[in-house]
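Chemist: Look at TrEMBL and you will find 42-481 tagged as domain 'Major facilitator superfamily (MFS) profile'. Sequence annotations record features per position, and here TrEMBL assigns transmembrane segment to 40-60, 80-99, 106-124, 130-155, 167-190, 196-216, 284-305, 317-339, 367-385, 391-417, 429-450, 456-478.
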Amino acid sequence: MPPSEYSQTNLHNSVNMSQINDHGADSTDPYTIFNTSQKAVIVTIVSVAATLSGFASNIYFPSLPQIAHDLSVSTNRVNLTVTCYMIFQGLSPTLWGAVSDALGRRITYCCTMVVFLGACIGLAETRDFVQLIVLRCVQSTGSASTIALGAGVIGDITRRGERGGYMGFYQGGVLMPVAIGPVIGGLLAGQLGWKSVFWFLAIHGAACLLLILLILPETLRSIAGNGSLQAKGIAKSILGTYQRKRYLQTKAELPDSEDRSHKARAIDFFGPIKILFHLKTFSAIMLVGIHYTVWQMVLTALSTLVSDRYHVTETQIGLIFLANGVGSVFGTLLTGKLLDLEYRKSLKKVGGDEQLIPIEKTRLKTAWIWSGLECASILIFGWTVDQNVHISVPIISLFFLGWAAISIQCAVSTYLVDIHHSQSASATASLNLIRCLMGAGGTAVVGPLIRAINVGWAFTLFALIMIISGVTVLILMVHVPRNTAGHRDAEGSIEQATTPEGEV
């Protein structure tokens, strides 16, 4: 069960910080006015919106051979569209994440989705390779930021003790397209042609935009506080307006929520870059970046490998991707529960004082297990495909690969939101920047590398690189000291008692 949303922690002996919460109001106000059911609705909406990024990426893979044939280009050239997509997938959230942390979540969602819709319609009408690669970059610019935005929303409305479960659910939603995207893409490409994939994405994007405009409340704490502040303009929503009125009716006196002033936050476009200069943050992000890169290299090469060696159709390729997606969804849901369980255990060990929890050990305790599982899955997949072992074996290994890869991402994403609470969208954008740029480089070289040293040895090399990267977890857990005066985030702010601007 989530911890009480009405509790505050005394953080300084000289100042009774329990009288202040994140929106600068009296401690009788809750951390957020949204109840558990409403938070579930909010997390569900941002999870659905985040599927845009996953669908746009994964629904595309089964169509690669067909696109190469129809546009009369080589498979390697079509693979470049994946590389370019991932480059912009990494770069664009650094822009939108900074905008979101300053101007609000809703306006940023609306802008990114309009860009996404326009790109999808253009892709559905494309007739040559140049148009394809340019519009895929634009599409990535619109879709990729939904993941960082969703993490920002969750950071706004949840506390550490419950955040792992919500992040696990959110990551499960994010990874659903990994499970069903290739299946849908394979069916659409096989029955209606590859352009139908982009019409599907356009319809899905329009539905998400409508859902956000109608229901999703503004959650950025510098604008909405705990949700009780008066929303203006595009920040207004049905759920936010309803719950605010209901909340104010429970107050003995009408608070001055509408007149409460907050300093406007400037857009810090370099915020996601600055975050990378924190040792703990950089180490954790590099761990994810390397594991994510290897994962994407496998997915990029998968269509060509199974098509050449097992002679399967586009629809069958989509079904093969399903194993990886199911493993990913299973992993996020399990990891989210484990994160909350570990947090409760750590909280009990320190006598209930959240400021004494060793957050690195608590959040990243199981990361080495997932790293080992991903390494084993990579080796099994690579050598069984190399030796033409029955296709069921590499399919099973894909399940465990998806499970392990996303479990690491879920743990690190939760950790980053914890230590960069007032810049949660920017922190997630930093993670996205590194993993996608590394992934783009990996997908560009995976084909030539496999041809140069064969599948088995290429995947053995990938596993060795991941093993070396696991050292970063040990650095975080063993050698990075914890602040004994109270666990502060990497910005120097304390989550339980900050102003909307992140200043104690």
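Glycine is treated like the rest: Cβ placed from N, Cα and C.
Annotations in TrEMBL come from automatic prediction, not curation.
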Chemist: If we skip the immediate neighbours and take only residues 6+ beyond the ends of the transmembrane segment (167-190), which ones have a Cβ under 8 Å from one of its Cβ atoms?
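Modeler: Same-chain contacts beyond the flanks: 43-44, 46-48, 50-51, 53-55, 57-63, 66, 147, 150-151, 154, 196-197, 200, 313-322, 324-326, 328-329, 331-337, 339-340, 402, 406, 409-410, 413-414, 417.
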Chemist: Let me check one thing: do the transmembrane segment (196-216) and the transmembrane segment (106-124) come into contact, meaning three or more Cβ pairs under 8 Å with sequence separation of at least 6?
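Modeler: Yes, the stretches contact each other.
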Chemist: Would you say the transmembrane segment (106-124) and the transmembrane segment (284-305) are touching, if the rule is that at least three C-beta pairs must lie under 8 angstroms and be 6 or more residues apart?
Modeler: no
Chemist: Hey, would you say the transmembrane segment (106-124) packs against the transmembrane segment (317-339), going by three or more CB pairs under 8 A that are 6+ residues apart?
Modeler: no
Chemist: Near the transmembrane segment (130-155), which residues from the same chain, at least 6 beyond its ends, have a CB less than 8 A from one of its CBs?
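Modeler: Sequence-remote neighbours of the transmembrane segment (130-155) are 42-43, 46-47, 49-50, 52-53, 56, 67, 71, 80-81, 84-93, 95-97, 100-101, 105, 108-109, 112-120, 122-123, 163, 166-167, 170, 174, 201, 205, 216, 219-220, 413, 417, 421, 424-429, 432, 436.
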Chemist: Go through 40-60, 80-99, 317-339, 367-385 and flag the stretch with the largest number of C-beta pairs under 8 Å relative to the transmembrane segment (429-450).
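Modeler: Ranking 40-60, 80-99, 317-339, 367-385 by Cβ pairs under 8 Å to the transmembrane segment (429-450) puts 80-99 first.
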